[in-house]
Amino acid sequence: MYCFLDDLLTRTRPVWARPADPRRRLSDAEVLTTALVAARYFGGNLVLGRHYMQQHWGMKWLDKSGFTRHLHRLSDTLLGLFTTLLSALRTAVLPQRPDPAPAAPPFYTVAFFEAYFSNFIEGTDFQVDEARRMVETGQLVGGRHADSHDVLSTYRLCSNVAEMRVVPQSAEDLLAILQRRHTQLLHARPDKRPGQWKEHANQAGLTSFVEPGLMRGTLHEGFKLYRSLSEPLARALFMVFMVSEVHPFDDGNGRLARLMMNAELVSASQCRIIVTTHAREGYLDALRRLSRQGEPGRYLRMLSGTQQFVAELQPTSYESVKGQLEKQGAFTEISSQLRW
């Protein structure tokens, strides 16, 4: 495990500590306590203090330049995928689709369906009317406290006009936004460590995501590519793939990625992308094709087509949108009629 420490003795620069023996896992508290003991015992002698920590814990210390190099290590494989997607987005003809619900109350109606479907495709399956009552009253469904909070937390974020207009201005800003939104999304699931970066590599099916030590550098490099795009839809499609592939947290990455995607669109007064239940398999298949085969065509067609589907809705009321979605089969598990 990598641990960040303030230089307790000189307070002039950060230092980087790493167990030399990978079998020995240290908590932040262990490292910090040891540093304090070393500093006190050796009367502020930096050389002796560091020597003690290396001998006692098997740590090695890097100077600031070494710290920076380790901090920005990245996944070359994923950077290659990012570059492939970037090239496809730059050459694609991506239409402008104005937001059909820029103001209340339609804004909140569309936000509800975004929250509902984003949770449903992750396995949080409520009946749509049940979820609507929960959002309107704030009352949790009996026996499903955490699931109820998942829907409510997602809705509170994607229905917050100010929040949905926030997009990152720097790589560090991106990291801060991800942590803040993840904290709010999973605040009712402390076991999922809301807002805390993953400490172990995660996996979904046959897809392995970025190692924790490569995550920060990969997001930094990905942000540079994202900033080179100008079209809102292009930025949205890049953002959702980047967050999905890095998978920076233990859980909730899919919902967070789609939230980041739609913030890009709402902030530019463009129509949201809502992956309905009947589009779920197409969405996941498009992600897999890009992730495993480096083929972005279906990914672009699928998400652009999904945005078009939402843009054609008439969001006059909850009941109206629900009826339109039912007519299109959007609540069914799969639709053989969908072609991307």
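Numbering starts at 1 and runs along the chain as displayed.
Quick reminder: no glycine exception, Cβ is built from N, Cα and C everywhere.
In the three-state DSSP scheme, H247 (active site) falls into the coil class. Sequence annotations record features per position, and here TrEMBL assigns active site to H247.
Around the Cβ of G254 (ATP binding site), the number of neighbouring Cβ atoms within 10 Å comes to 21. According to TrEMBL, the feature ATP binding site maps to D251, G252, N253, G254, R255, L256, A257, R258.
Annotation source TrEMBL lists domain 'Fido' at 173-312. In the predicted model, the domain 'Fido' (173-312) has a mean pLDDT of 96.
Taken from TrEMBL, the feature site 'Important for autoinhibition of adenylyltransferase activity' applies to E122. The local packing around E122 (site 'Important for autoinhibition of adenylyltransferase activity'), expressed as other Cβ atoms within 10 Å of its Cβ over all shown chains, amounts to 17.
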> Counting only residues 6+ apart in the same chain, whose Cβ is under 8 Å from the Cβ of H247 (active site)?
Replying inline: K198, N202, A204, F209, V210, N253
> Can you name the residues of this chain that are 6 or more positions from G252 (ATP binding site) yet have a C-beta less than 8 Å from its C-beta?
Replying inline: H182, L185, L186, R189, K192, P194
> What other residues of the same chain, not counting D251, G252, N253, G254, R255, L256, A257, R258, have a CB atom within 8 A of the CB centroid of the ATP site?
Replying inline: E122, H182, L185, V243, S244, F249, L259
> Of all the binding-site residues here, L256, A257, which one's CB has the most other CB atoms within 10 A?
Replying inline: L256
> For R255 (ATP binding site), which DSSP three-state class applies?
Replying inline: helix
